[in-house]
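*Asks:* As listed in TrEMBL for this protein:
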DOMAIN    B:61-174  domain 'Methylamine/Aralkylamine dehydrogenase light chain C-terminal'
DISULFID  B:68-B:136  disulfide bond
DISULFID  B:74-B:106  disulfide bond
BINDING   B:77, B:152, B:153, B:154  substrate binding site
DISULFID  B:81-B:167  disulfide bond
DISULFID  B:83-B:134  disulfide bond
DISULFID  B:84-B:128  disulfide bond
DISULFID  B:91-B:122  disulfide bond
ACT_SITE  B:102  active site, tryptophylquinone 6'-substrate hemiaminal intermediate
MOD_RES   B:102  tryptophylquinone
ACT_SITE  B:121  active site, proton acceptor
DISULFID  B:123-B:157  disulfide bond
């Protein structure tokens, strides 16, 4: 008995090791060929992508498309401020520095080709200031259309994409 | 000579036996072995205690996507489409995927990494009648309805022809870390 007990005691780490190796040897379901997404893309997916679509397009009557068009908002100071002052942007749980990275990803990467030449990236101080002034006017859609009209005057090419076009499905769906 | 009680005789035998067969050195050896065993916490229980895993993550498995404890189902509220003639990222015939979805992250227990998962509802048919084991309600990183973008209690059938809820998928979008 004594010998068995001592042997068992000595075997504890060995059993532990074998158990550990056993776990490692089990066929693993590692999603193959999946590279790590950039941090800004993950932030976009988790905070915006559900509604705006994983690639910036989903259902334009429900939420405006972003892909290759959201950058046009940078054509005017009001448009630039508008994006950060949108309630779900301003009230995001992200820190202002993470939100700045996300905004720049959205405008320059997702909005590829739509930001005017020479547009400067958002700075942390700018985002931090703007998110303290969230949009809270009585008629949000009217304010949006005024902002969009200003953008189209500054960058006429914007009128060719859905979110800035006269027949924007989002505006038509939300018309009072 | 006084006669000893049975208990005394038994105690003496045990004590003498211990003294004869175990040296102090062997006790030290055994204690050392036990200490080494503690230094390598290789058993799953010890590993789980080290990080702050959610209740779901402690039990998650990677083999059977038709069960609620499959790792990608860490925040799914509804019937699994795989039980309804669809798959983990495909809608059953006659239903339509919602263009908007609930996006979150789930931890894969095999590599310990987080992956971005989109819970797309399949819409346009009445709720799928599947076995009870396919009706899941998990809530890792989910928030109450006052934070609608992070709530899975909402039926995400927006932007589809019909807002009728049929079942839920859990599409893998990418690796988050």
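Glycine is treated like the rest: Cβ placed from N, Cα and C.
Curation does not apply to TrEMBL; its annotations are automatic.
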*Asks:* Which of the recorded positions B:77, B:102, B:153 has its Cα nearest to the Cα of residue B:128 (disulfide bond)?
*Replies:* B:77
*Asks:* What subset of the recorded positions B:74, B:81, B:102, B:134, B:152 has a Cβ positioned less than 8 Å from a Cβ of chain A?
*Replies:* B:102
*Asks:* If you measure from the C-alpha of residue B:152 (substrate binding site), which of the recorded positions B:68, B:83, B:102, B:123 fall inside 10 Å?
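*Replies:* Checking Cα-Cα distances against residue B:152 (substrate binding site), the recorded positions within 10 Å turn out to be B:102.
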*Asks:* With a radius of 8 angstroms around the mean position of the C-beta atoms of B:77, B:152, B:153, B:154, what other residues of the same chain does the substrate site pick up?
*Replies:* B:78, B:102, B:142, B:145, B:151, B:155, B:156
*Asks:* Which residue, of the recorded positions B:77, B:121, B:153, has its CB surrounded by the fewest other CB atoms within 10 A?
*Replies:* B:153
*Asks:* Checking the contact step here: among the disulfide-bonded residues B:106, B:123, B:136, which have a Cα within 10 Å of the Cα of residue B:77 (substrate binding site)?
*Replies:* B:136
*Asks:* Counting by DSSP, what is the helix, strand and coil composition of the domain 'Methylamine/Aralkylamine dehydrogenase light chain C-terminal' (B:61-174)?
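*Replies:* The counts are 13 helix, 38 strand, 63 coil.
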*Asks:* When you measure from the Cβ of residue B:81 (disulfide bond), how many other Cβ atoms are you left with inside 10 Å?
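*Replies:* Other Cβ atoms within 10 Å of residue B:81 (disulfide bond): 28.
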*Asks:* Tell me, how many other CB atoms lie within 10 A of the CB of residue B:68 (disulfide bond), whichever protein chain they belong to?
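*Replies:* Other Cβ atoms within 10 Å of residue B:68 (disulfide bond): 17.
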*Asks:* May I ask which residues of the same chain, at least 6 positions away in sequence, place their Cβ under 8 angstroms from the Cβ of residue B:136 (disulfide bond)?
*Replies:* B:68, B:73, B:76, B:77, B:78, B:79, B:80, B:168
*Asks:* What are the non-local neighbours of residue B:134 (disulfide bond), defined as same-chain residues 6+ apart in sequence with CB under 8 A from its CB?
*Replies:* B:66, B:68, B:79, B:80, B:82, B:83, B:84
